[in-house]
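Participant: Quick paste of what TrEMBL says about this protein:
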TRANSMEM  A:20-42  transmembrane segment
TRANSMEM  A:244-274  transmembrane segment
DOMAIN    A:250-365  domain 'ABC3 transporter permease C-terminal'
TRANSMEM  A:295-316  transmembrane segment
TRANSMEM  A:336-357  transmembrane segment
TRANSMEM  A:414-438  transmembrane segment
DOMAIN    A:636-750  domain 'ABC3 transporter permease C-terminal'
TRANSMEM  A:636-656  transmembrane segment
TRANSMEM  A:677-705  transmembrane segment
TRANSMEM  A:725-748  transmembrane segment
Amino acid sequence: MSGLGRVVRSGVRRRRVQTVVVGLVTAAAVTATVLGAGLLVASQAPFDDAFAAQRGAHLTVRADSGAVTEAQLVASAATPGVVAAAGPYRVLVVAFTERGGMRTPPLTVVARADPGGPVDRIELAGGRWPAGPDEIVLSGGAVRVPPGSRLATPGGAEFTVVGTARSVSDTAGAWVLPSAVGVLDGPDTADGYQMLYRFTDARTATEVATGRDAVVATLPSGAVTGARSWLDVRQQAVEDAAVFVPFLVAFALLGIVMALLVVGTVVAGTVGAATRRIGILKALGCTPAGVVRAFVAQTLLPAAVGAVAGTVTGNLIALPVLAETEEIYGSANTTIAWWVTVLATGGVLAVVTLTAWTAALRAGRLRTVDAIAVGRASGPARGRWASRLAARLPVARPVGLGLARPFARPARTIAILLAVATGAAAVTFATGLAASLLRIQTALTQDVADVTVTGDPDAGPVAAPTADPAAVLAAIDAQPGTRARYGLTQAPGTVAGIADPVSVTTITGDAAWDGFEMVSGRWFAAPGEAVVGGPLLTATGARIGDTVTVRIEGTPLRLRIVGEVFESVMAVFTGTATPTGRNPSEYRVALAPDTDAGAYAQALTGALAGRGLTARPSGGETDPLLLVVEGLTATLTLLLLAVAALGVLNMLVLDLRDRVHDLGVHKALGMTPAQTIAMVVASVAAVGLVGGLLGVPAGVAMHRLVLPTMAANGGLHLPETLLDVYGPLILTALALGGPVTALLGALLPAGWAARTRTATALRSE
Amino acid sequence: MTDPVIDVRGVTRRYGEGPPALHDVSLTVRPGECVAVLGPSGSGKSTLLNLLAALDRPDAGTVTVAGTRLEKLGEAASARFRRAHVGLVFQFFNLLDDLTVLENVLLPAQLAGAPARASRAHAASLLDSLGIARHAQAYPGRLSGGERQRVAVARALINRPALLLADEPTGALDTASGEDVRRLLDELHRSGQTIVLVTHDLRLAEASASRTIRLRDGRVEVRR
């Protein structure tokens with residue numbers, strides 16, 4: 001082994017703390033970078049991945065069954081440019097009724113013998129494909145009805161839900177066997193054919209339009225009633241993903257920047273602390289270039305080991321998170337792209353190399369005599385004013401000595417400050433994000449009820465309970481433990497100029513407590529008033545104070561908009577009876593504190609006996625997207641905290657190494673181990689507190705910036721109540737997180753300082 | 001007869017596999033004595049001083065200073081012992097560069113939790129009697145070697161120690177400053193301070209010490 005090789009090896013072994021810290025920080029940096037960058041890429045591409053895996057349809061054509069024959073549609077598959085086709089499938093649009101009387105929105109039901117085929121392979125998410133004419137599989141995104149539930153057609157036929165599935169091309173809301181078409185068909189069902197095509201070229205709207213025109217030309221005039229491009233479906237999917245892309249961007253960037261910042265300061269500090277060693281090597285005849293190479297290698301060795309560990313950890317952590325995104329998008333991609341891993345790892349190692357090289361070059365260029373003198377000569381007279389001031393403070397002398405220390409090495413103090421402030425900002429942001437997302441979920445589901453009362457599931461499908469709402473509400477009011485309650489019934493409606501259906505919810509009683517968040521205006525109070533979701537206002541161009549006409553089963557209902565409620569879909573909430581005149585199909589109850597929901601529900605069911613209603617404790621369902629975001633938040637937060645603490649640890653170790661001789665003098669003069677720990681801890685406590693005080697407002701500002709952006713990308717307006725998540729107690733706790741992080745990083749060096757033998761320290765140069 | 005300030009019995013200290021740094025050394029120092037420990041490099045002088053200051057512990061034998069058995073003290077107890085009973089003067093002064101002269105002198109008293117007002121008065125008195133009162137607010141870097149060693153002596157005496165240990169106190173000084181420190185230690189001795197000097201400086205030993213001990217290869221070679 002060459003002389004420089006031995007120097008590198010001994011440096012790695014002798015400077016164990018630095019070696020370990022460089023390795024750990026690099027590992028954390030690579031983990032954060034791989035995770036952040038990987039999820040960033042994964043969030044952009046899940047649709048494309050799923051589309052390719054499921055051989056999605058470039059064009060979905062609906063044809064009038066009265067204007068075209070199945071044979072003509074089969075023949076259209078031979079159109080030039082078509083590489084694969086599937087169908088024709090019979091398609092019907094049906095609004096089902098669930099047990100309990102809730103009606104589903106009108107569902108596009110496609111009759112397919114099996115989920116496979118050359119185009120649009122349906123992915124079963126749960127359950128199985130229908131085996132008989134009375135079974136149905138629902139699309140996961142259409143309605144949430146668990147397998148085993150029964151749905152009734154308007155004609156009275158019943159279907160059992162046997163599974164949930166997903167079509168990446170969004171070709172159906174439900175699937176049945178072709179033999180079920182006769183059962184489904186009724187006077188209220190629209191009927192037609194569906195044909196699916198894949199084209200040779202379909203990357204642009206023009207190419208898809210060319211393919212569509214070619215197909216349409218082979219069919220009788222007027223046969224095609226609708227044709228949907230895969231690019232439109234893609235746009236919709238990307239819009240959904242866009243809700244969490246800004247979050248990923250912000251957090252991934254924060255993680256990457258912080259990790260690189262700490263890697264940079266750790267490496268620069270480590271090399272800087274070795275200046276005297278570099279001077280000695282030069283005095284022994286090593287060239288500056290050789291010395292620089294040796295120190296870069298000395299830093300890269302642990303960094304490379306850390307990078308490998310970080311790569312593995314980042315990919316392992318990404319597995320469950322990506323599995324959740326797969327659940328959301330139906331994507332088959334559950335691993336981070338290899339090139340993302342290579343790029344992230346290479347990027348971090350490049351920063352390590354650059355920082356080490358720059359710091360070593362500076363030290364290498366020092367005059368040999370000056371480099372050797374580093375650490376022995378008196379340092380520059382920095383921070384003496386602070387020392388004098390601290391001596392006058394009414395604190396124990398070791399604490400005063402510690403408090404003055406940060407001013408003696410301002411560069412290191414700034415590095416510690418940055419590490420702690422960034423960590424505090426990350427935790428503040430993550431805490432606020434998690435709290436806001438939870439509130440957003442509650443506001444979107446509008447269900448904080450403790451008990452739900454619905455039609456008896458064993459009584460068979462009914463349009464709506466026949467019980468008198470006033471009597472039901474009176475029975476609920478009479479039940480001990482009732483705090484608030486209301487009844488609701490939902491019906492699909494239409495608004496002129498909007499193609500998609502509008503959900504109209506009629507509320508009996510006061511529902512404002514049930515998680516509804518007002519963006520602007522007020523809750524409805526009088527007949528003819530309504531509150532609506534933002535998407536409806538956007539789609540219609542209406543404003544608060546305007547009147548809209550909603551048609552329900554063909555009958556118009558005029559409603560004056562008095563407020564905007566936080567909603568992600570086109571929804572109307574009103575106390576006005578709908579033209580259908582149905583009774584509430586569901587009642588929601590909030591309980592007084594300490595009321596047992598199970599016992600209450602049982603008692604209420606007994607009280608409602610004979611009315612066809614059953615009370616059940618409400619089960620909260622967590623949105624999988626929220627799980628992804630919260631899991632990611634927690635992981636990255638822990639990583640950043642660890643990196644921040646490691647940054648503090650490294651700086652302190654360097655500082656203590658520099659002044660180990662002074663430490664020996666203190667101990668020789670009678671400083672006890674406890675006083676030594678107090679001095680070291682005090683030297684970072686104030687910096688940690690300042691870091692916390694700087695980081696917390698930065699985290700709050702990020703939260704205020706990122707959350708509304710996230711919401712706006714998803715087409716939502718966030719009310720102030722969903723952003724106002726930082727109370728005085730939380731802010732205080734977060735600010736104290738700064739000194740706690742600093743103390744965590746200081747514990748190890750403080751213990752080391754306390755244990756250092758006085759005689760050994762006095763001999764140190 | 002008063003109890004000895006130092007009572008070392010059969011002390012052996014070994015570092016690693018080589019011969020012991022100290023081998024079966026015994027030593028007694030009475031109050032008011034000034035003992036000079038002489039010997040070539042590697043003879044065990046500094047090891048003996050470290051043991052007397054509770055900076056190190058012997059492998060065998062007992063070390064009793066000011067009535068305290070030192071060989072079994074932990075780190076914290078050693079620190080408390082030092083600040084109560086021992087003042088240390090080093091060859092290279094070991095003053096803290098970022099503290100003023102006064103702050104350096106006050107530090108052991110502050111670590112011991114002594115009353116601030118009384119400590120300041122005592123520090124001022126020491127600086128005055130050592131002729132360096134005008135440098136009280138200066139930083140050590142601006143002082144000459146002799147002045148720095150006077151500051152070190154003032155710091156060593158701030159807690160009124162029973163024993164002053166001086167490790168080559170003139171070793172880093174020029175002739176004039178060395179003479180200055182010799183006179184200072186002589187005055188301290190005359191005032192009744194118990195002192196143990198570790199030195200190569202025969203003139204210092206002759207001028208200040210009432211007794212000399214010569215060490216060679218870790219053993220006591222000559223006592224006078």
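Heads up, the Cβ atoms here are built off N, Cα and C, so glycines get one too.
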Participant: Look at every Cβ pair spanning the transmembrane segment (A:677-705) and the transmembrane segment (A:414-438), keep those 6 or more apart in sequence, and say whether at least 3 of them are under 8 Å.
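Facilitator: Counting Cβ pairs under 8 Å (6 or more apart in sequence), the transmembrane segment (A:677-705) reaches the transmembrane segment (A:414-438), since there are 3 or more.
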Participant: Near the transmembrane segment (A:725-748), which residues from the same chain, at least 6 beyond its ends, have a CB less than 8 A from one of its CBs?
Facilitator: 416, 419-421, 423-424, 427-428, 431-432, 435-436, 439, 641, 644-649, 652-653, 680-681, 683-685, 687-693, 695-696, 699-700, 703
Participant: Below 8 angstroms Cβ to Cβ, which residues of this chain, lying six or more residues outside the transmembrane segment (A:636-656), approach it?
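Facilitator: Residues 17-18, 21, 24-25, 28-29, 31-32, 35-36, 251-252, 254-255, 258-259, 262, 265-266, 269-270, 272-273, 405, 409, 412, 415-416, 418-420, 422-423, 426-427, 430, 663, 680, 683-684, 688, 741-742, 744-746, 748-750, 752-753 contact the transmembrane segment (A:636-656) from elsewhere in the chain.
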Participant: If you run through the domain 'ABC3 transporter permease C-terminal' (A:636-750) with DSSP, how many residues end up as helix, strand and coil?
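Facilitator: Split into helix, strand and coil, the domain 'ABC3 transporter permease C-terminal' (A:636-750) gives 100 helix, 0 strand, 15 coil.
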Participant: Need one number: mean pLDDT over the domain 'ABC3 transporter permease C-terminal' (A:250-365).
Facilitator: 75
